[in-house]
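Only one structure is covered here, and it is reproduced in the block below.
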Amino acid sequence: MSEQALDRIQRQLQDAQEKARRGGAPVEAAAAPVKKELSEAVKAGMAAGNINISDTGARMQLSETSQMEQKRQDAILDELERRKKEREVLLPATDEGVILKLRELGEPVTLFGEDPADRRIRLREFLSAHTGAAVTEKPLTQAAARKAQKETEEVWYHVGPEELKLVRKFVAEYSLPRARNRLKEARLELAKSDAQKQARKQHMYSTLRQFSIYGSQIGDTRPLSFCRFSPDSKILGVASWTGTVKLWAVPACTEMSTYRAHAERVSALSWHPSACISQDRSSVNFATCSVDGAVKLWGLDSTTPVSSLPGHAARVARAEFHPSGKLLMTTCFDHSWRLWDLSNEVEVLHQEGHSRPVYDAAFHPDGSLCGTSSLDHTGRIWDLRTGKNIMVLQGHTKNVLALQFSPNGYHVATGSDDNTVRIWDLRKQQCVYTLPAHTNLVSGLRYHSSGNFFVTSSYDETAKVWTAPGCAPLKVLRGHEGKVMSIDVSNDAKYIATSSWDRTFKLWTQE
């Protein structure tokens, strides 16, 4: 049946109904002939195959895309309902009341890295998920309040072996003369004229502004996770997700040796402070750590490890040598970090304190302190001479992925998943600069040994050079086609190295 015929029948039906209303006749009776004609027309269309009407009651299944969209909408509705319940939950007005209610419910009073606001959110989520009931606040006794406060501030310490006492004594004896020399040099620097100091800095900054790509090499078949210059600035160690570590000559960018280091991804590489200078080539010259929890020590004469440090039950994120070269610090995804005595190859300290995996680690230039960064959004500063946690670096809103002490001895820089770099003052015990450094997470951060500048790398495919302590941008290093995963600057300040997700490492120097 044509569209014109259907339109004609529809108009006839409307006219018949209108006439029936005007004349007072039943509408159904007036429209009956037209409906009969329409029914016959539909049957004729079905017989001709132009109209398909099924009376079997079967239903077609939704497509996979439609089903996924329906599930997504259901999830959104569930989330809205959950938020609505959370808004209806009444909570205590004070933090003491929140602590008391958590204790009544059998929940932990506080989690590592948790502040009062986080604790309040946790209570709200628990009540909305389990009861949804309102909370009537009860007065908290002074004794209960003191106990709750003590639990909030508690940090756990492991009992160390007898060797730990000797290590703490060694660190004190090693660090005090270095601190005295550092302060002496700072006073000599302060005595110089401002014009002389500015001229030297401006010359260095002018050179850094002229940095560009000097060399680029495909380092492996998978992303290059880490890179570090040797202390003499003549070798670049590059670690890969294939489990290998390669040593490259600087500045020629030619491969010197390949170490089949680990069965899993290599997390980091660290050079002994005297490697390539006074350290015997067959002794420990660098250390590597891996996702499989292994930590290995290597010499330069052989691709067979000198030794390994067992005991980590989870991924090891960093391995860092103490300035003396006698100790090694490792950070682990079991929420702890460890200190190893390399002369005896024994673990002398197993320290907890973070509520989530510990990521980066660094030593103070004097060797007296160490710092750890964590996926709990904080960093912590530890006194190796006493074992105490002396400062919590709390301010980042996401994972803290990089931490480094400034050579001046009183500044600490941290880089985070929140795209910022923060500068902390150990004397003031607070953050003194917040730098919106990149448009993606900050993956690496390194100070030059002079303390006059530092470099950062990011997943926004760039690396940047900044003045110190002013934090003014000097240079943006563009050239990688993927995330920049690591960065380092040579001790002689002639080169900057970056390793990337694009499987290349690049060497940057003055044009």
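From the backbone N, Cα and C atoms, a Cβ is placed for every residue, glycine too.
Residues or ranges marked as region 'Disordered' by TrEMBL: 1-33. The feature compositional bias 'Basic and acidic residues' is assigned by TrEMBL to 1-21. For 23-33, the entry in TrEMBL reads compositional bias 'Low complexity'. The domain 'Pre-mRNA processing factor 4 (PRP4)-like' annotation in TrEMBL covers 93-142. For 259-308, 309-350, 351-392, 393-434, 435-466, 477-511, the entry in TrEMBL reads repeat 'WD'.
Through the fold, the repeat 'WD' (477-511) approaches residues 204, 207, 210-229, 231-233, 236, 238-239, 248, 250-251, 253, 440, 443-450, 455-459, 461-465 of its own chain, all at least 6 residues removed from its boundaries and within a Cβ separation under 8 Å.
Within its own chain, the repeat 'WD' (309-350) is flanked in space by residues 112, 158, 160-161, 163-164, 167, 170-171, 174, 178, 267-274, 279, 284, 287-297, 356-363, 365-367, 370, 372, 374, 384, 387, which lie at least six positions past its ends and keep a Cβ under 8 Å from the stretch. DSSP states for the repeat 'WD' (477-511), grouped as helix (H, G, I), strand (E, B) and coil, give 0 helix, 20 strand, 15 coil.
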